[in-house]
Structure formats: C-alpha cells, structure tokens
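Report on the following structure.
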Protein chains: 2
Amino acid sequence: MAEHDIPRATAKRLPIYYRYLKLLLDAGTTRVSSNELSDAVKFDAATIRRDFSYFGALGKRGYGYDVKALMTFFGEILNQDTLASVALVGVGNLGQALLNFNFHQSSNARISAAFDINEDIVNTIQAGVPVYSLDDLEKQISDQRIDVAILTVPAPVAQDLANRLAKAGVHGILNFTPLRLDVPSDVRVQNVDLTNELQTLLYFINNFGGAEA
Amino acid sequence: MAEHDIPRATAKRLPIYYRYLKLLLDAGTTRVSSNELSDAVKFDAATIRRDFSYFGALGKRGYGYDVKALMTFFGEILNQDTLASVALVGVGNLGQALLNFNFHQSSNARISAAFDINEDIVNTIQAGVPVYSLDDLEKQISDQRIDVAILTVPAPVAQDLANRLAKAGVHGILNFTPLRLDVPSDVRVQNVDLTNELQTLLYFINNFGGAEA
C-alpha cells in the first residue's frame with residue numbers, strides 16, 4: 001500500500017467512510033455495496049470504488065465489501081487505536097462550544113488541555129477539561145506530548161500563538177481564526193473558516209441555484 | 001463574464017480574496033501584486049492569477065492589481081451589498097457559539113432568527129437574535145424570506161428538519177451535523193464536519209508529516 005500516493009481528496013473522505021462503516025457494523029450489517037455506501041455518504045459510487053482501490057480494498061462483484069474488514073483496515077490507517085491528545089487554545093464562545101462538542105465519541109482524539117488568559121476560568125475544569133493559563137502553554141504541551149492544537153483565539157493574537165505552538169512541538173493546527181497562518185514546514189494547518197463557509201454557500205445559491213456540493 | 005463556468009475551487013476562494021482586499025483597502029493600500037496577495041492568503045501566485053483571469057481581472061505587469069477596483073468587482077459577485085438573513089436551527093452549545101460569532105462583521109449575512117425546542121430560551125433574545133419555537137419555523141422563514149439555514153441540531157432530528165427547511169423554501173443549508181442530508185435538487189448543502197476536520201488533520205500528520213493543506 002502506497003499511502004503517500006493517495007490523493008488528498010481521498011484522504012479527506014477516509015474518516016467519513018470509517019464512521020459510516022462503524023455505524024453499519026454497530027447495526028449488524030456485515031457487507032455493503034458501493035451503491036449502498038454512496039447513498040449513505042453522498043459520494044458517487046465510482047468515487048468510492050476508486051478511493052477504495054487505492055488501498056487495494058477491492059469489493060467482490062455481487063457481494064460488495066466486507067464491512068468489518070474494511071472498517072478495521074481504515075481504522076488502522078486512521079490510527080483509531082491510539083488516542084490523540086489535543087490542546088484547545090482560546091476558551092471564548094467557540095472554544096467553549098468545542099469543549100462541549102464530543103470529538104472523542106466519534107474520533108480518536110480528545111481535548112486534554114485548554115488555555116486562556118481569562119482569570120475567571122483559568123484553573124477551573126470546563127466540560128471535563130482543565131483550563132490552564134496561557135503562560136503554561138509550552139510546559140503542558142511538552143508534559144502531555146500534545147501534537148495538535150485547536151486555535152480559537154482573536155485574530156490579532158493568532159499568529160503569535162501559532163509561533164508558540166510550533167516552537168513547543170505541535171505539528172498540526174486546526175485554525176478557526178480568519179487569519180492565514182505562517183508556520184514552519186513541519187507544521188500542518190487546517191483552516192475552518194466559518195464566515196467563508198457561509199459566504200461560499202450564499203455565493204453558490206445566488207449564482208448557481210441548489211445542488212449539493 | 002461567464003460566472004457559471006468558473007471552477008468550484010475558484011468560487012470558494014472568492015470570499016477570502018474579498019476579505020483580504022478589504023483589509024488592504026482599509027489600510028490604505030491601493031495596489032497589490034499577485035505575489036503579495038499570495039503571501040497574505042497562502043494560495044500560490046499562479047493560482048491567484050488564474051482565478052482572477054476567469055473574471056477578466058488582469059493585473060498589469062509591473063503594477064499589479066488595483067485593490068479598490070478588484071474589491072468592488074468581487075464584492076458585486078459576492079452580493080456584498082445585499083444582506084442575507086439566515087436562520088439558526090438548534091441553539092445548543094455550538095448554536096449558541098455561532099449566535100455570538102459575528103458573521104455580519106466580515107460577511108453579508110446575519111442570523112436573524114434562531115429556533116429551538118428548549119422552553120428556557122424560546123421567546124428570549126440570545127446574543128441579539130430572537131429565539132423562536134421550532135413550531136414557528138415555517139412561518140418565520142416565510143415572513144423573513146430566509147433563504148439559508150445553519151443546522152446545529154442533534155443528528156437524529158437533522159434529516160427531518162432539513163425536510164422542513166426545504167419545504168419552507170430554504171435553498172441553502174450549512175450543515176454542522178455529522179449526517180449527510182438528503183435534499184431536493186434545488187437545495188444546496190455545505191457540510192462543516194468538525195470531527196472530520198480534526199481527523200483529517202491527524203491523518204495527514206501521522207502519514208505525511210507537516211506542510212500546509
């Protein structure tokens with residue numbers, strides 16, 4: 001298997017496949033066709049077959065795919081057996097919502113530390129997660145071997161915090177700020193730009209009408 | 001200008017260009033090169049030049065692009081002069097955070113109505129937005145001519161609410177639930193799957209190391 005050669009678009013669909021396969025297995029389904037999967041995840045069946053073929057997972061004609069085998073296989077690719085500790089930097093409204101958002105239920109990641117400057121919540125537990133002072137960022141990231149951070153701070157301080165996170169050893173940043181971050185080449189940034197999502201939707205409706213993205 | 005022919009990836013970058021051009025203009029910058037824009041928005045300069053060329057916006061060699069002209073032009077494409085009213089369906093933790101998230105500050109949309117079943121908040125104002133009972137969904141969407149809804153409800157009720165929204169005349173749904181929605185062909189769904197974003201980031205770090213997406 002040449003994981004390094006799979007297209008980025010395929011990689012992005014893997015967690016979705018994984019979750020639906022888990023649902024199917026929990027419901028007692030043992031096999032599934034690409035058409036059935038297509039109905040559930042809303043990618044066309046040809047895309048699904050091509051995606052799976054990158055991993056050498058080939059369905060049998062008239063049988064489809066073995067749900068458990070496929071799920072186990074994708075689970076390994078996605079490292080579902082190891083639990084990743086994630087830092088949340090910025091416990092404002094959005095940060096608070098993400099603390100309450102149960103990532104762990106449907107993924108292999110949990111927020112294990114939150115950071116803020118607000119004295120009212122520093123040294124408290126919010127939604128089960130300890131909130132540390134931003135002064136403790138480097139120490140906690142090192143102590144807890146945190147590799148990934150969720151950034152939900154005001155835009156003006158985002159770059160400075162990205163610098164500190166990268167220096168502290170974080171390799172992945174889920175960036176909810178509108179700022180596009182400058183990071184060293186060994187750090188990956190995934191932008192979740194909510195304003196942009198809404199504007200893109202409005203743009204498509206105004207210019208192209210409906211039809212799913 | 002053949003707006004219908006532009007690639008989806010280009011369309012998704014328009015709001016980002018628009019916002020940076022606005023920042024530049026606010027800062028008194030009158031012209032910008034594709035390389036400078038590239039530094040700010042983190043798309044490569046060739047991509048930017050190609051994107052702009054779809055709209056016939058061609059920079060002059062040695063001069064670059066006129067910031068104001070470009071911003072006005074993109075603003076028109078993005079309908080920045082009309083304010084879109086948006087419904088928020090589901091005022092839980094994430095819904096509450098989105099109410100507080102100031103979409104309007106940097107986009108042409110505002111949440112004008114929220115809906116929930118929680119008696120404690122129905123008929124109250126949350127973050128400046130009236131919260132209605134879900135029973136009033138159809139009436140308010142019709143009265144306020146709402147075209148777009150943000151869906152932040154528990155997954156088990158998401159499809160039912162998508163059906164009601166579509167029937168009520170909504171043409172765009174920003175879907176924060178993990179469910180992939182079935183909608184009529186004149187409704188567009190944009191999925192914001194936070195668990196998936198985090199898992200994709202973890203997958204890339206584990207398999208490819210850093211480097212920006």
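Cβ from N, Cα, C; glycine included.
All TrEMBL annotations are machine predictions without curation.
Database features, via TrEMBL:
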type: DNA_BIND; residues: B:16-55; note: DNA-binding region
type: DOMAIN; residues: B:79-180; note: domain 'CoA-binding'
type: BINDING; residues: B:Gly90, B:Val91, B:Gly92, B:Asn93, B:Leu94, B:Gly95; note: NAD(+) binding site
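Overlay of TrEMBL feature records on the structure.
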residue : record              : Cβ neighbours (10 Å)
B:Gly90 : NAD(+) binding site : 26
B:Val91 : NAD(+) binding site : 24
B:Gly92 : NAD(+) binding site : 15
B:Asn93 : NAD(+) binding site : 18
B:Leu94 : NAD(+) binding site : 25
B:Gly95 : NAD(+) binding site : 25
Per DSSP, the DNA-binding region (B:16-55) contains 29 helix, 2 strand, 9 coil
Per the under 8 Å Cβ criterion, the binding-site residues B:Gly90, B:Val91, B:Asn93, B:Leu94 that neighbour chain A are B:Asn93, B:Leu94
The correct DSSP tally for the domain 'CoA-binding' (B:79-180) reads 36 helix, 29 strand, 37 coil
In the domain 'CoA-binding' (B:79-180), averaged pLDDT is 92
